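See structure below.
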Amino acid sequence: MRNVGIISLGCPKNSVDSEKMLALLKEKGYNIVNDEKKADVIIINTCAFIEDAKKESIEYIIQMGELKKKRLKYLIATGCLSERYNKELIKELPELDAVIGTGDFTQIVDVIEEVKKGKKVLKYGHPDLLNDEGIPRILTTPPYYAYLKIAEGCSNACSFCIIPKLRGKYKSRKMENIIEEAQELARKGVKELIIIAQDTTKYGIDLYKKLMLPQLLRELSKIEELKWIRLLYAYPDSVTDELIEEIKNNQKIVKYIDIPLQHSSESVLKRMNRGTTRRKIEEVISKLRSIPGMVMRTTFMVGFPGETEEEFEDLKNFIKEKRFERVGVFTYSREEGTKSYYMKPQIRKKVKLKRQEELMEIQKQISYEFNMSKIGTKLEVLIEGFEDGVYYGRSYMDAPEIDGLVYVRSDKKLFPGDFVTVTVVDAFEYDLVGEY
């Protein structure tokens, strides 16, 4: 009864929670297994951000429930789906023995002890707790990179987003605690630190009454073993001149930013309640572009309620004009409990998918042209693996799992975690080929 497996779905922020649960379980003598068939207990850390994520979470619960016919004794759901559907989830999915919300995952050991006694456990309704400080992590990423969560929750009130209800209001972690965790990760061999939160750029606003991300980055860059610091989930309205200067002048911060913009049309931004304007977005992009070698990733949403052909055309032209190196396009997901749920008219699924496809076609060409422009240049690559006779890794331009890869041809023996400087010799739509 000591084998536990965790399946972590959704975003990297969820992965960090899973890593903390793993550490708590290991501390109490549980064996962590990667093969679900060998597990006595399976924990599914769920996502419920959009419809597809909910479906995936439910499919995993049903699929893992099948294992109860064999070795598996207990099945537990944690994370956003649990927080959102709590009682309904445990009622509709009888294979679940426990449902734990986002603020209660630190009680995982006690919950397992409870279900062993034959009880069904339901814990939710505390998303505002920030009670996981000081809990170690068992990394589920390769040893050379790790995510560093600097805040929990979100106080932005975007009309399409359920996250504030599932994760509570914005809560920055104390800077000294973040630094301590980063030092510990670096001691364990982490070379790339990826900064995450629902909104990284709001860091400090609640705790220190001012935006403190530039200072935090400055402190993190003093950690000797770290080579790359990467920033994800930046919001345009909080990208200050001070932050831009820090990114520009700090050698350890990679010249890459993930800045979800969602739309370009003033009227759509207003309906989305994004708290920013087209002018502000244009200003921020222009300032970020002043940083040599800057690579920008963004995400856009199509099919938001009431999105007209004109508003969509505006977005198309914006993408063509700004030529972002990395773009993700989502179709709007109508979520109960959000303001946009009641907005009219809702856009037909067929139209949403067509718009998504159109944008991705435009972006594919932009990405290809950008990659082609890299042929003949030198790039530093973090090696991640070897397959079919070639190494592969990422350059500063690529965040793990969401961006492309650099394939590296080399006669030398290379290892995951090595940094090598390659000459780019070929390019595809999303990947590069280099020689070393």
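A Cβ is built for glycine as well, from the same backbone N, Cα and C atoms used for every other residue.
Residues Cys11, Cys80 are recorded by Swiss-Prot as [4Fe-4S] cluster 1 binders, and the candidate that the same record lists for that site, out of Cys47, Cys154, is Cys47. For the [4Fe-4S] cluster 2 site, the Cβ centre of Cys154, Cys158, Cys161 serves as reference, and the other residues of the chain with Cβ at most 8 Å from it are Asn156, Ala157, Phe160, Ile162, Ile163, Pro164, Gln198.
Cys158 ([4Fe-4S] cluster 2 binding site) sits 18 Å from Cys80 ([4Fe-4S] cluster 1 binding site), taking the CA atoms of both as reference points.
Cβ neighbour count within 10 Å across all protein chains ranks Cys80 highest among the binding-site residues Cys11, Cys80, Cys154, Cys161. Non-local contacts of Cys47 ([4Fe-4S] cluster 1 binding site) by the CB criterion (under 8 A, 6+ apart in sequence, same chain) comprise Leu9, Gly10, Cys11, Asn14, Ala53, Lys54, Glu56, Ser57, Gly79, Cys80, Leu81.
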